[in-house]
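The block underneath contains the structure these notes are about, expressed in structure tokens.
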Amino acid sequence: MIRLERRPEPSRLWTGVTPVLAVLLTMIVGGIMFAALGKPPLEAIRTIFWDPLFHPQFAGYSRPQLLVKAGPLILIAIGLSIGFRAGIWNIGAEGQYIMGAVCGAAVGLAFYPADSALLFPLMVVAGALGGWAWAMIPAVLRTKFGTNEILVSLMLVYVAENILASASSGWLRNPEGQGFPGSRNFKQWPAVFNDELVAGTGMHWGVVAAFIAVIAAYVLMARHIQGYNVRLTGEAPRAARFAGVSPVRIVFLCLGISGALAGAAGLFEVTGPAGQVSIDFGSGYGFTAIIVAFLGRLNPFGILLAGLLMALTYIGGELAQLMLGLPGASIQLFQGMLLFFLLATDVFTNYRLRFARRETA
Amino acid sequence: MDPVLLVVSIMVSATPILLAAIGEMVVEKSGVLNLGVEGMMITGAVMGFAIAVGTGSPLLGFAGAAVAGAALSLCFGVLTQYLLSNQVATGLGLTLVGLGLSALIGSNYEGQRAPSLGRLDIPLLGDIPVLGRMLFSHDVMVYASLALVAAVWAFLRLTRAGLILRAVGEDHESAHALGYKVVRIRLAAIAFGGACAGLGGAYVSLVRVPQWTEGMTAGAGWIALAIVVFASWRALGVLIGAYLFGGVTVIQLNLQAAGTTLPVEILSMSPYLITILVLVIISARGVHGAPGSLGRSFHASS
């Protein structure tokens, strides 16, 4: 008879082991899935996890993509992880990401074709504010009326997608674009183009911001009183209230940070890799970042690694699509499975297995 | 606009949400919050479509969709009930898995047409001049969904098993102390909710659209979750909520087709905005009727 026994404290060893175990399990089950699709499993796994970095022919292109994809994922996941620690479930980061891009791009395009060096920083601020404002809607509704922030933040994703559609086909459309949807291309506007800082690395301002966010989040959560309050609210809400922590402030803090970071991520993406506001701008980073946050154990440095790993699966997935004809959706399933296995193996962090004979009465 | 057609299309657009929401209400009544409704719906949509196209029988498609939804929900059940994972995170994971799985399965079925589900004209009642065509000339799933609402109401309200399910949801420690198998009861409720969500998804792909496109449920699962809150966890409330929402969707689509001065985007976002508004109104009154143990993990310590 197998029985679960609660550990007095979460196991430190298992906290580190579970993500690795989850990745291994995903590889095994994913391999079986690929075999079922009639693709060679080992080759598929190698194409996804190894070739983007070390393939003699493709690595030159795909290695820089690692940072390009990991940047927004890490930036968004860092913000989400702070809220998840406090038990505040912002799952509408995708909407905040879109609104950040739309707001920042709108502010920038209002000054077209200025070439002031101040314009890009201004756009970053506008993007972060756009995402922040979008996240304030669930924050205000939750604190004023007690409305569930999960449902509200998610509904707002669909609203944001419609705003994006109207922006790209209407009020932000390129006046010189012969009526095609999509805004002016920022890549042709050097003053605001978020180009690679060092050629061939994929490092743009958004990636720099992601690294800064990792360190700032570490300082906040481990060294700052507000970070302590956030953790206390998540682990013992009653104790937090007695200690004088205002739940309202925590809600505003968590949703505000995650919204602003997601908005900034959107702005860096729209002025850099994406290049323009277009109808298919929302690429699901806001949802994948949820997986990244959990895979990184809600720990800033863990999220850094998880973001890189998830970026690898994106690039590897594209490569596998190209080389093996693997369906594009299989990588989405792969990422979802990763979260599932992580949550499943997480039981060992808080519980230990006891093998005991069934006692006879 | 023909009022008969209007009522018919409202009922058709409300049915998927009604099915998913009534299932989720039972799950939540047992104290489990499954946020994976969207994932189970879309999986049901693609499985139902694939089976209906493969066999030529829409009813088999619905059955397959229910099984697929239940199977997926049991993954959630094992994780949350035996491995004690966080219900919010696991539900989100279920949605992500479902979206990926459905896109993978469905890539071969884009552009195909499903065999149509015939209308079931109820004799005598269907012959009433206007009302007959309006209310008694639908496909079988519309009636099934209404019957399901009534059955769930009766089950929760009138039967001993329903009472036990509610007890588990209100206070799992006490229910456990009384000797009820909390985990098993919850797994049954989760599977029922998954089957209902699968049926709802299949209704979208087999009747409402009827085609398969990736991501076609477009948030219907999340709206079903909102409707359970709106309904204050009562079966009749779920029915009203789903039909109200169906009404908003149909009116919005008709306005788009009629070409009003309102931009299309404003109209397409209106169902989501109205859902938020309704949630705010409900929560401002104070949430009534949420099961006491909703979303909490249960682990028998001895």
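Backbone N, Cα and C define each Cβ position, glycine as well.
Predicted automatically and left uncurated, TrEMBL annotations should be read as such.
Marked as transmembrane segment by TrEMBL: A:12-37, A:66-84, A:96-112, A:118-141, A:150-172, A:202-221, A:242-268, A:274-296, A:303-323, A:329-348.
Only pairs six or more apart in sequence are counted, and the transmembrane segment (A:274-296) with the transmembrane segment (A:66-84) gives three or more Cβ pairs under 8 Å, enough to call it a contact.
Within the same chain, the transmembrane segment (A:150-172) packs against the transmembrane segment (A:96-112): three or more Cβ pairs sit under 8 Å, each pair at least 6 residues apart.
With pairs at least 6 apart in sequence, the transmembrane segment (A:66-84) and the transmembrane segment (A:202-221) have 3 or more Cβ pairs within the 8 Å limit; the two touch. Counting only same-chain residues 6+ beyond the ends of the transmembrane segment (A:242-268), those with a CB under 8 A from a CB of the stretch are 71-72, 75-76, 78-80, 82-83, 86, 88, 90, 93-94, 96-105, 123-124, 126-136, 138-139, 142-143, 149, 153, 194, 204-206, 209-210, 213, 226, 229-230, 232-233, 285-286, 289. Sequence-distant neighbours of the transmembrane segment (A:96-112) (same chain, 6+ residues past either end, Cβ-Cβ under 8 Å): 72, 76, 90, 119-120, 122-124, 126-135, 157, 160-161, 163-164, 167, 172, 183-184, 186, 189, 192, 258-259, 262-267, 269-271, 274, 277, 281-282, 285-286.
Packing against the transmembrane segment (A:118-141) from elsewhere in the chain are residues 90, 92, 95-97, 99-108, 111, 147, 149, 152-153, 156, 160, 191-192, 194, 205, 251-252, 255-256, 258-268, 270-271: each is 6 or more residues past its ends and has a CB under 8 Å from a CB in it. Here the transmembrane segment (A:12-37) has long-range neighbours at 44-45, 49, 295-297, 302, 306, 309, 326-327, 330, 333-334, 337-338, 341-342, 344-346, 348-349, meaning same-chain residues at least 6 beyond its ends whose C-beta is under 8 angstroms from one of its own.
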